[in-house]
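As given in TrEMBL:
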- Gly545, Thr546, Thr547, Gly548, Ser549, Gly550, Lys551, Ser552: ATP binding site (BINDING)
- 286-313: compositional bias 'Basic and acidic residues' (COMPBIAS)
- 323-335: compositional bias 'Low complexity' (COMPBIAS)
- 363-379: compositional bias 'Low complexity' (COMPBIAS)
- 528-737: domain 'FtsK' (DOMAIN)
- 265-384: region 'Disordered' (REGION)
- 27-46: transmembrane segment (TRANSMEM)
- 79-100: transmembrane segment (TRANSMEM)
- 129-148: transmembrane segment (TRANSMEM)
- 183-202: transmembrane segment (TRANSMEM)
Amino acid sequence: MRFSNNTFNSTTYLPQRGIFSRFGQDALLFAALVAWVGWVCALLSYSRADHAWSSSGTAATAARPANWLGQAGAYLADVSYFLLGFSVWVLVAVLAVFWWRSFRNWMRGGGLPAPDASLLMLRLWTRRLLWMLGLAGLLVASTVLEWSRLYSLEHLLPNHSGGAVGYWMGPLMMRWLGDTGSTVAALAVALALVSWILGFSWGRVAERIGIWVARVADPSQPWSLNARAWWAGKVANGPWNTPEAPARTQKKSGFSIPSEPELMAETDAPASEPKPVKKKSSFTIRIERRLPEGEGTRAGRTDTARPETRDSDSASGKGRTGAAVPAEAVAAPVARTHANEPELGAPWKDTSTGTGFKPSLVSPPAKAGASKSKPAAAAHGSDSVVTAGGRGLLPATELLDSLAVRQETVTPETLEMTSRLIEKKLMDFGVEVHVVEALPGPVVTRYEIEPAVGVKGAQIVNLSKDLARSLSLMSIRVVETIPGKNCMALELPNARRQTIQLKEILSSPVYLNSGSLLTVGLGKDIVGQPVVADLAKMPHCLVAGTTGSGKSVGINAMILSILYKAEPKDVRLLMIDPKMLEMAIYEGIPHLLCPVVTDMKQAAQGLNWCVAEMERRYKLMSKLGVRNLAGYNAKIKAAQNAGKTVGNPFSLTPEDPEPLGELPHIVIVIDELADLMMVVGKKIEELIARLAQKARAAGIHLILATQRPSVDVITGLIKANVPTRIAFQVSSKIDSRTILDQMGAETLLGMGDMLYMKGGTGQPVRVHGAFVSDNEVHRVVEYLKSQGEPDYVDGVLEGVSAESESDWAVDFDGAAGGEGGEKDPMYDQAVEVVLKDRKASISYVQRKLRIGYNRAARLLEDMEKAGLVSPLTSSGQRDILVPSRGD
């Protein structure tokens with residue numbers, strides 16, 4: 001027998017072996033180490049772009065792989081991650097421990113037993129077999145945990161999270177044990193097998209941790225005295241220890257700070273024999289959860305002082321080392337603290353609300369009316385409030401309501417559970433998908449799903465109703481295409497939807513920083529971000545939705561958004577309300593162009609006037625050489641700043657033309673287009689089409705709303721010229737196709753849930769509309785009424801008269817002409833022109849009187865009825881039947 005030759009000088013003796021047996025052990029250990037290091041290098045340098053077993057890679061990576069070990073390393077890492085995912089590192093760690101133990105055994109002279117010990121060999125191989133089975137179980141448990149909890153890292157792997165093993169075992173365990181049960185079971189198996197494989201006891205680990213905690217908590221340790229001295233400096237330096245500080249009501253706590261005499265008595269004693277504290281200090285520290293900023297102290301909770309960390313000399317203590325602190329080192333900071341007491345007598349400010357734990361509940365804004373004395377600049381910025389005569393004309397956001405209660409958000413546990421449930425239910429229908437991301441919002445939560453290879457998007461779309469039924473939901477909206485991503489999305493309604501107040505939108509930076517006077521607040525998107533739109537860029541908007549879907553509330557939110565941005569001199573409103581209820585509340589505000597129109601015949605006259613105004617503006621812009629209303633107003637303003645005026649080029653007195661002024665934007669709001677078209681007929685469609693085609697550059701914009709989005713109301717002519725659409729909940733897919741040219745609006749939830757489609761995009765965006773109550777609208781309207789009386793424009797609802805023509809300069813195409821005939825104020829002048837010049841043509845009368853073609857034609861028709869001119873002859877001419885005055 002011989003002893004082993006090693007550095008540990010072990011007394012273990014082995015049977016005599018040859019030099020080749022010893023060399024074989026050395027070579028095996030060295031080869032295992034090299035293989036392990038190479039495997040680790042291959043895993044660390046893994047790249048999905050490399051050409052490997054599960055990926056074809058690119059031409060560049062095929063020629064020169066990114067892996068440190070070349071093509072072999074790329075294949076090795078790819079197969080490892082494909083099978084086990086990131087759990088392969090568990091296998092790497094276990095093999096490292098196994099190699100180290102084998103190396104230690106070899107250094108101590110250990111080796112295989114003698115060949116004749118058959119019973120010992122059987123036990124050894126049985127133990128090794130059990131060890132391998134335990135390792136396999138540990139890997140399975142790790143892959144299941146990775147598949148169920150670390151799915152967000154899947155984009156880094158060639159396969160699913162947890163690899164092929166986790167993808168096979170994870171759904172199986174979740175089906176039988178559920179989400180939480182499978183996680184708990186996998187964690188328990190992993191903890192048990194780790195102790196078996198690595199050969200340690202969790203009980204011994206807990207015992208060692210307890211010993212360490214006991215040593216740390218031992219007051220006789222030197223560092224404990226230093227910490228107590230440091231806290232004593234904190235207490236003495238705080239404002240609660242000053243004579244000016246009032247006595248506070250304290251709550252008892254299990255953690256107390258000793259008083260200064262007790263501390264001095266303890267520090268005078270040796271560190272090995274500390275004196276116990278006999279009486280508790282009157283100052284206690286209460287550990288409580290910090291609330292978000294602006295929430296304040298809850299009712300019923302006693303206000304107790306809490307220590308504040310400061311960078312002062314007295315708070316540093318200079319005694320954070322492990323050695324014992326002498327009494328002089330402790331007394332000096334205390335003395336300086338007493339000397340500085342008069343300087344610290346100011347009231348203590350608790351700055352802890354800005355940091356700390358933030359709960360998952362949304363904090364409500366301040367209540368309405370809490371600070372009504374604040375100026376409007378608090379809500380709109382210092383440069384957004386336009387004043388006239390020393391008064392601010394824009395209302396403040398304090399007139400609007402805030403949320404009265406806090407609103408809960410969707411918890412991460414709910415998101416995780418619903419994600420796995422979606423995968424399971426679709427798998428039951430034979431469709432394999434994987435949820436890659438969940439985006440919770442105020443009303444719905446979007447789950448982005450990645451279909452498996454070979455799964456068509458139409459299969460998921462066709463299963464939307466079945467999936468909604470299996471998930472016990474009213475409806476599910478399927479988003480087939482997400483711009484910039486290669487996945488689909490499912491939008492599921494939340495169990496408790498949040499209320500979005502208009503004040504939140506009007507107070508948001510995206511609204512306040514918008515420079516357009518026609519900025520309208522729509523609501524929030526699916527992730528809770530405010531959504532606003534510029535009506536000047538739309539430039540017209542078509543709104544549709546069934547009764548109770550939130551259409552009228554959405555229009556009120558748009559109108560209030562404009563009223564919060566623009567003064568009456570900048571924006572004028574023409575409101576047409578066939579129902580006589582929705583917009584009557586705005587009667588009397590200074591922004592109105594005329595009283596709220598409820599008579600449909602007057603509505604047609606109002607649209608006629610708008611067409612004439614559009615033509616007049618185009619004539620003026622053409623004469624001034626500008627392209628749009630903004631350029632026209634800029635030119636007028638530049639002339640006024642230079643002390644000059646721009647004369648009206650169409651004035652009836654060219655020698656002394658009246659000066660031109662800035663023109664406001666005109667917003668036409670029609671609450672029920674279907675009723676208007678039913679009463680007036682196709683004429684309204686033509687007027688709306690003309691305005692939609694040409695009125696954008698003239699600063700005239702349309703907001704058309706209807707609760708019946710059928711093809712006889714929203715005709716192709718209107719749809720072609722109104723690119724921006726907003727669809728609230730509708731009753732059928734056909735209605736959704738009518739308004740949006742695609743399905744989706746029939747699956748909305750109502751109560752302000754909408755699909756907003758910008759012009760030219762073709763992809764609707766889901767927006768949850770802002771809510772504004774009638775009381776809020778009344779408060780804003782009353783405020784605007786207090787700023788001044790409305791300045792109605794004459795002739796809007798009656799057509800353009802002779803007097804109004806001097807104001808508006810011209811009458812175009814007879815669109816705003818009078819009633820015609822002898823009732824027309826221009827009839828006598830027309831008769832005089834015809835009889836004097838002996839020409840009875842429409843173009844001649846139109847040119848002489850500067851009126852529209854239709855109006856001139858009506859005048860000649862009435863002359864024919866009166867017997868002044870003959871009917872049209874075969875040559876298209878009219879004979880004058882009244883002799884001239886000279887005959």
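Quick reminder: no glycine exception, Cβ is built from N, Cα and C everywhere.
Note that TrEMBL annotation is computational and uncurated.
Note that the structure is a prediction, hence the values are computed from the model and not measured.
Across the domain 'FtsK' (528-737), mean pLDDT in this model comes to 90. Proximity of distant same-chain residues to the transmembrane segment (27-46), defined by a Cβ-Cβ separation under 8 Å and at least 6 residues beyond the stretch ends, is recorded for 66-69, 72-74, 76-78, 80-81, 88-89, 92, 95-96, 99, 102-103, 106.
One residue stands out among the binding-site residues Thr546, Thr547, Ser549, Ser552 for having the most other Cβ atoms within 10 Å of its Cβ: Ser549. Under the DSSP three-state reduction, Lys551 (ATP binding site) is assigned to helix. Counting residues 6+ beyond its ends, the transmembrane segment (183-202) has Cβ neighbours under 8 Å at 94, 97, 131, 134-135, 137-138, 140-142, 144-145, 148-149, 173, 177 in the same chain. Sequence-remote contacts of a segment are chain residues at least 6 beyond its ends whose Cβ falls under 8 Å from one of its Cβ atoms, and for the transmembrane segment (79-100) they are 29, 32-33, 36, 39-40, 42-43, 46, 52-54, 135, 138-139, 142-143, 146-147, 150, 153, 157-166, 197-198.
With respect to Cβ neighbours within 10 Å, the binding-site residues Gly545, Gly548, Gly550 differ, and Gly548 shows the lowest count. Report note: the ATP site is defined by Gly545, Thr546, Thr547, Gly548, Ser549, Gly550, Lys551, Ser552, and the residues of the same chain whose CB lies within 8 Å of the CB centroid of those residues, excluding them, are Gln707, Phe728, Gln729, Gly750.
Long-range C-beta contacts of Lys551 (ATP binding site), restricted to its own chain and to partners at least six residues apart, with a cutoff below 8 Å, comprise Val543, Ala544, Gly545, Ala705, Gln707, Phe728.
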